[in-house]
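Asks: TrEMBL lists these features:
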type     : residues : note
ACT_SITE : 307      : active site
ACT_SITE : 363      : active site
Ligand code: CMC
């Protein structure tokens, strides 16, 4: 297209520069040629929290935050949630296309061959105190896997990379289940690879030697849909961490451990836990208007609302709301649901939330479902991390295969003291 450039006039010098525009973006390094004098470093862009900076080109996930659209490799999230499975979606994210029947069988087999944990990893999990937060266990256990599979350092070998991907996606649910059983003081159930990915996880957490034990298929399906919805979300805080840490060419376990640490925070994957605590604290539907008033005065946030990218209803939240009702038919209704629905109804009509485009996000209803599945609240961020592992790994591979990527190294604007001489202690 003609004139795909930006003309910039530097009013300090009167000089004009032409900068190419590609994919609606100018390169920040092109600004460096704009200098006030020969020894000037050149203009930098300042963008705290990366509000308007693309750090990569990606072909994995597309989001239109204003329209509330989310697609993985071009497939709308609604269609994937309805027709696909989490493992198929993980394949799609990692390999770029939906698998054939044969490839899907191969892929499922690869993952199911990697569900078991190394005994040393089991000892790591057992070393934690009974009340350790599961995310602390996840961050440590995944980092510990780096010591068990030292070949993982060969990140430029695609076959080695692929093997670590199978191990991570296979073992993460087992780590989650063992961490849970450790907490409640019960023996570990070894994985059963005849079950689906999510049914096996529920089995490892629940099974108590009952002769007639069967995983409830409605609950396994609900968890699978939640896993699909959480699998990737382009350059969010934890994914940017995975790419950033991975850009130093560390192994995928250490990078993923860092990504999980980023996910742990209450503004990110920890929000589902925070929503449940907020609903418990509100306690009754009648307390909702008072709570909203406090939020509007700046005394706390309405957790599960708002998003950096979505300025519309989060498409994942719409699907989750429906899943919540399916699950409550198979379990008993969660009394906190009534409070959540009331909060949503009041907030969606309130000028404060409308003006700021604050809508329910993925975490608003997911916690209620996790609670109906009897997961302890502290486990909620872990349940976010399990499926996000496939997104993190897909983004990590894409970063390694991108010739334009280098070690991540942002610039800064230095505003500290100018050069000064050291003052001896007796003169301060
Ligand atoms: N409750 C009340 N006010 C809010 C909320 C909220 N949940 N979120 C944003 N605001 C207000 C904020 O106070 C600010 O108002 P003002 O302009 O008067 O100062 C305005 O909206 C813009 O907020 P911001 O903090 O500049 O927006 P952000 O893009 O930096 O933050 C967010 C995005 C997700 C961190 C934020 O909306 C939030 O803290 N939400 C609650 C936590 C949450 O649910 N997180 C899960 C996100 S989705 C899953 C994931 O990605 O992990």
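Cβ coordinates come from backbone N, Cα and C, glycine included.
A TrEMBL annotation is a machine prediction, not a hand-curated record.
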Asks: Take the C-alpha atoms of residue 307 (active site) and residue 363 (active site) and report the distance between them in angstrom, rounded.
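Replies: For residue 307 (active site) versus residue 363 (active site), the Cα atoms are 11 Å apart.
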Asks: Would you count the other C-beta atoms found within 10 angstroms of the C-beta of residue 307 (active site) for me?
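Replies: That number is 21.
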Asks: Would you count the other C-beta atoms found within 10 angstroms of the C-beta of residue 363 (active site) for me?
Replies: 29
Asks: Can you tell me whether DSSP puts residue 307 (active site) in helix, strand or coil?
Replies: coil
